[in-house]
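Now, the feature entries from Swiss-Prot:
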type	residues	note
ACT_SITE	Asp304	active site
BINDING	His59, His61, Asp151, Asp304	Zn(2+) 1 binding site
BINDING	His61, Leu62, Arg63, Asn93, Asn277, His308, Phe322, Gly323	substrate binding site
BINDING	Asp151, His178, His231	Zn(2+) 2 binding site
Amino acid sequence: MNYLFKNGRYMNEEGKIVATDLLVQDGKIAKVAENITADNAEVIDVNGKLIAPGLVDVHVHLREPGGEHKETIETGTLAAAKGGFTTICAMPNTRPVPDCREHMEDLQKRIEEKAHVNVLPYGAITVRQAGSEMTDFETLKELGAFAFTDDGVGVQDANMMLAAMKRAAKLDMAVVAHCEENTLINKGCVHEGKFSEKHGLNGIPSVCESVHIARDILLAEAADCHYHVCHVSTKGSVRVIRDAKRAGIKVTAEVTPHHLVLCEDDIPSADPNFKMNPPLRGKEDHAALIEGLLDGTIDMIATDHAPHTAEEKAQGIERAPFGITGFETAFPLLYTNLVKKGVITLEQLIQFLTEKPADTFGLEAGRLKEGRAADITIIDLEQEEEIDPTTFLSKGKNTPFAGWKCQGWPVMTIVGGKIAWQKESALV
């Protein structure tokens with residue numbers, strides 16, 4: 001099916017929001033211009049809505065294989081499509097881990113059969129993510145690994161991390177890191193700060209993250225490797241990443257929507273839906289994350305979509321697993337709380353969710369360019385809705401944002417020229 005989207009707006013190559021039509025033919029973007037006509041295409045009048053590149057998320061947890069009670073590739077990618085994401089990168093903390101040919105081939109087969117959006121799987125750095133034996137990077141790259149990470153646990157052994165970075169550099173691949181110094185975690189379930197003290201909870205100190213990032217940055221410099229930092233959350237982390245970039249070290253970084261919107265002061269009680277890793281930090285940390293995003297220290301926004309069951313989250317804040325679901329709330333949360341409040345511009349938000357992650361990892365995505373795959377999201381910037389977890393397509397309903405009123409909701413998502421999801425009656 002060919003589609004002609006009429007009367008939309010998009011961000012052009014100069015970074016300006018302008019009027020446009022967009023023609024999709026044979027799964028590709030055929031033309032982006034005003035006043036397009038086409039005889040062999042279904043016309044969809046988007047009536048002034050935003051025509052955006054499909055959103056790109058480099059940090060997601062689909063749970064399959066091994067955690068299908070939390071999420072599956074099918075439910076997770078449907079949720080991604082509903083959130084406007086057309087390319088997502090799946091973390092390897094599954095069971096089994098994609099750490100060898102057999103496991104990666106099985107994962108790729110599942111993706112091919114079940115995914116509703118483009119899914120790029122990470123390869124594990126170490127076998128079973130146990131930290132003691134490196135995987136075969138060459139084989140995992142051959143089988144389509146997006147990059148290498150032991151996300152969820154991090155690589156504690158510096159010698160192992162250096163060896164991994166050297167091997168990844170030879171393959172022109174990135175090493176992506178969840179940064180925690182295990183000896184500093186202190187069995188914490190929240191940030192070590194006012195909230196942990198008030199509720200008598202073990203806290204995770206900020207230095208737990210920043211000291212690990214500092215170590216890895218020096219290792220990356222020694223290995224001449226592209227090193228990407230997951231979910232930055234502290235002022236100290238922003239500082240060391242900024243200094244590393246100024247020194248010319250190949251480091252990039254991401255921040256989550258929840259760390260941009262919330263801090264520990266926003267936690268109403270010991271609610272497990274506010275438990276994520278890294279935890280919500282203090283006001284100064286939150287301000288540093290915004291500053292880092294604006295000055296280029298932090299390159300992109302990634303959801304860290306981490307679904308869990310209601311039963312798991314009901315165990316209380318100390319026993320419940322870390323993580324919140326993120327696909328279906330990311331854009332409206334960021335648009336409402338950052339763009340509408342003048343913290344960043346709409347153009348910047350689009351870049352942080354599309355071209356910045358795509359360019360950082362060399363993906364042919366994130367831009368509405370003629371000849372590229374038609375990965376497109378239509379967003380109604382005027383639509384206001386209340387976040388209702390019962391409507392999520394994700395199996396995970398675990399969100400701290402239930403009841404929040406937000407504007408800027410995706411209404412249609414196109415992947416490879418096919419409609420992957422659309423809001424009923426939104427474009428008729």
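Using N, Cα and C of the backbone, Cβ positions are placed for all residues, glycine too.
Every protein chain shown contributes to the tally, and the Cβ of Asn277 (substrate binding site) ends up with 20 other Cβ atoms within 10 Å. Taking CA atoms as the reference points, Phe322 (substrate binding site) and His61 (Zn(2+) 1 binding site) are 12 Å apart. A separation of roughly 7 Å, to the nearest angstrom, links the Cα atoms of His61 (Zn(2+) 1 binding site) and the residue listed as 'active site'. Of all the binding-site residues given, namely His59, His178, His308, the one with the smallest number of surrounding CB atoms inside 10 A is His178. Closest by Cα distance to Asp304 (active site), from the binding-site residues His59, Asn93, Asp151, His231, is His59. Long-range C-beta contacts of Asp151 (Zn(2+) 1 binding site), restricted to its own chain and to partners at least six residues apart, with a cutoff below 8 Å, comprise His59, Met91, Pro92, Asn93, Tyr122, Val176, Ala177, His178, Cys230. His59 (Zn(2+) 1 binding site) carries a strand DSSP state (E or B). Residues within less than 8 Å, Cβ to Cβ, of Leu62 (substrate binding site) and separated from it by at least 6 positions along the same chain comprise Glu71, Thr72, Ile73, Gly76, Thr77, Ile88, Ala90, Thr94, Val119. Listed in chain order, the extra residues whose Cβ falls within 8 Å of the Cβ center of the Zn(2+) 2 site residues Asp151, His178, His231 are His59, Met91, Thr149, Gly152, Gly154, Val176, Ala177, Cys179, Cys230, Asn277, Asp304. If you measure from the Cα atom of His231 (Zn(2+) 2 binding site) to that of Arg63 (substrate binding site), you get 18 Å.
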